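Novice: OK, TrEMBL features for this one:
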type	residues	note
BINDING	10-17, 57-61, 119-122	GTP 1 binding site
BINDING	182-189, 229-233, 294-297	GTP 2 binding site
DOMAIN	4-167	domain 'EngA-type G'
DOMAIN	176-351	domain 'EngA-type G'
Amino acid sequence: MAKAVIAIVGRPNVGKSTIFNRIVGERVSIVEDVPGVTRDRIYSKGEWLTHEFNVIDTGGIDLGDEPFLAQIRHQAEIAIDEADVIIFMTNGREGVTAADEEVAKILYRSKKPVVLAVNKVDNPEMRSDIYDFYSLGFGEPFPISGTHGLGLGDMLDEAVKHFPDETGADYGEDFIKFSLIGRPNVGKSSLVNAMLGEERVIVSDIAGTTRDAIDTTLKYNGQEFVIIDTAGMRKKGKVYETTEKYSVLRALKAIDRSDVVLVVLDGEEGIIEQDKRIAGYAHEAGRAVVIVVNKWDAVEKDEKTMKEFETKIRDHFQFLDYAPIVFLSAKTKKRIHTLIPEIVKASNNHSMRVETGVLNDIIMDAVAMNPTPTSNGKRLKIFYTTQVAVKPPSFVVFVNEPELLHFSYERFLENRIRDAFGFEGTPIKIFARARK
Ligand code: GDP
Ligand code: GDP
């Protein structure tokens, strides 16, 4: 089931990002060394009681040089487009302002449920000042304090009441769910069209033809697939839809629902910083990844060109060293047929379980070949290894002292596991646990 999405909107400085951080809490990234990946999040997981959802901080979506009012208007429109529930945030210390009324007008036209929050109500005496906010037309205002963490429970109680029916089924386990991410104009929607046009592909549901359908389902060789957010890929027109932050937001939402993520690059233009950020999100989310170099028809080539491009990719995306690379052209359809098999392979590896006995033989062989490290006269001891999860495959290594399993040795073990079992296209995770 796709998680419900809450968006926080409101004019600058009312405390949106403070509340966003409160809701999502501290989240430790698995890739601290990928620049741009964890800073400045605008989309993240949150939890309240038994509900899991995603939160968007629309204030983090910088729309460039637009005038103040246009900015907040667009942020409100993004919230309406992307969220199931909107938290409209205001500032209790400043009262209702003209900008608040502007936001209210836009939200009022939408059919999305709105929860009105009045922030910076840091002490109980201030609670009597919030009645003015009824004038915004969204019913009862919820007094909160981001600084002191007050009132958030009541506000979230109200928000989760409006979540869409969580019993509605998403796609079953038989489907391979994949998305295409990449900056604007790399050819994502052309690629989708090219795939759907393939002879052996049977399209069962094209986004846009069915009411509210945003995904496309298809069948190939008896296997069912869902292309996540096909509608979003094709949608172009609104001003904010071409901004980087908005495409990142769409990408994060799509990644969240996918098993496999296709990171699409433009072979003609080459790799830029924005590609790297987008690719980092896929890796961080633990999804299987296939790198697609599109527009290969437009590249002047000799026999070295592909190898050189591949080296560049490996250089720029070191964290994606497990991802296969496919060179193709959506325009001429050259090598389009190689893509779906790569998606299938990556997906299978993403959900692969290995046998514990074989796994432990591999680890013991690895240790015999390259003895475990020592630190302050203490040597790492590995007792036992087991796979604890799939999507992505995750392993727990029981050791004498977890701190002794350094990054480089962990990396060595990962490589031995990869050599033995494959796992092409998927990240794998290794955790050390103490066994006393
Ligand atoms: P945003 O622009 O809406 O994202 O606002 P920020 O989260 O950046 O907050 C703007 C300022 O308000 C910062 O200086 C915060 O420390 C402050 N702030 C946020 N929440 C509260 C609160 O509950 N009480 C008080 N007094 N200040 C707050
Ligand atoms: P998106 O924004 O990533 O969905 O990109 P589009 O699919 O809209 O494509 C952007 C532009 O690149 C369009 O003008 C396409 O015609 C062009 N394009 C897409 N794929 C190819 C390709 O394989 N080769 C060439 N030469 N152009 C392509």
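Keep in mind that glycine also has a Cβ here, set from the backbone N, Cα and C atoms.
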Novice: Looking at the binding-site residues Gly10, Asn13, Asn185, which have a C-beta within less than 6 Å of some atom in ligand 2?
Specialist: Asn185
Novice: Checking proximity to ligand 1 here: which binding-site residues out of Thr58, Asn185, Thr230, Trp296 have their Cβ closer than 6 Å to it?
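Specialist: Correct list: empty, so none.
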Novice: Any same-chain residues 6+ apart from Trp296 (GTP 2 binding site) with CB under 8 Å of its CB? Would you list them in sequence order, or say none?
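Specialist: Residues satisfying the criterion: Gly267, Phe327, Leu328, Ser329, Lys334, Arg335.
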Novice: At 10 angstroms around each C-beta, which of the binding-site residues Asn13, Thr58 has the fewest other C-beta atoms nearby?
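Specialist: Lowest Cβ count within 10 Å among the binding-site residues (Asn13, Thr58) is Asn13.
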Novice: Among the binding-site residues Asn185, Thr230, point out the residue whose Cβ has the most other Cβ atoms within 10 Å, with all shown protein chains included in the count.
Specialist: Thr230
Novice: Please list, in sequence order, the residues in the chain of Val121 (GTP 1 binding site) that are at least six apart in sequence and whose C-beta is under 8 Å away from its C-beta.
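Specialist: Once residues fewer than 6 apart are set aside, Val121 (GTP 1 binding site) is near Gly92, Arg127, Asp129, Ile130, Pro143, Ile144, Ser145, Leu150, Gly151.
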Novice: Measuring Cα to Cα, how far is Thr58 (GTP 1 binding site) from Gly182 (GTP 2 binding site) in Å?
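Specialist: Their Cα atoms are separated by 20 Å.
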Novice: Going by C-alpha distance, which of the binding-site residues Gly10, Asn13, Ile61 is nearest to Met233 (GTP 2 binding site)?
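Specialist: Smallest Cα separation from Met233 (GTP 2 binding site) among Gly10, Asn13, Ile61: Ile61.
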Novice: Measure from the CA atom of Gly182 (GTP 2 binding site) to the CA atom of Lys16 (GTP 1 binding site) and give the result in Å, rounded to a whole number.
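Specialist: Rounded to the nearest whole number, the Cα-Cα distance is 27 Å.
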Novice: Using C-alpha positions only, work out which of the binding-site residues Gly10, Asn13, Ile61 is nearest to Gly182 (GTP 2 binding site).
Specialist: Ile61
Novice: Could you tell me the C-alpha distance between Asn13 (GTP 1 binding site) and Thr230 (GTP 2 binding site) in angstrom, no decimals?
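Specialist: If we compare the Cα positions of Asn13 (GTP 1 binding site) and Thr230 (GTP 2 binding site), the gap is 35 Å.
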Novice: Going along the chain, which residues six or more apart from Ile61 (GTP 1 binding site) have their CB under 8 A from its CB?
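Specialist: In sequence order, the residues whose Cβ lies under 8 Å from that of Ile61 (GTP 1 binding site) (at least 6 apart) are Ile42, His74, Gln75, Ile78, Tyr240, Thr243, Lys245, Tyr246, Leu249.
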Novice: Gly10, Gly182: which of these binding-site residues has the sparsest Cβ neighbourhood within 10 Å?
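Specialist: Least crowded of the binding-site residues Gly10, Gly182, by Cβ count within 10 Å, is Gly182.
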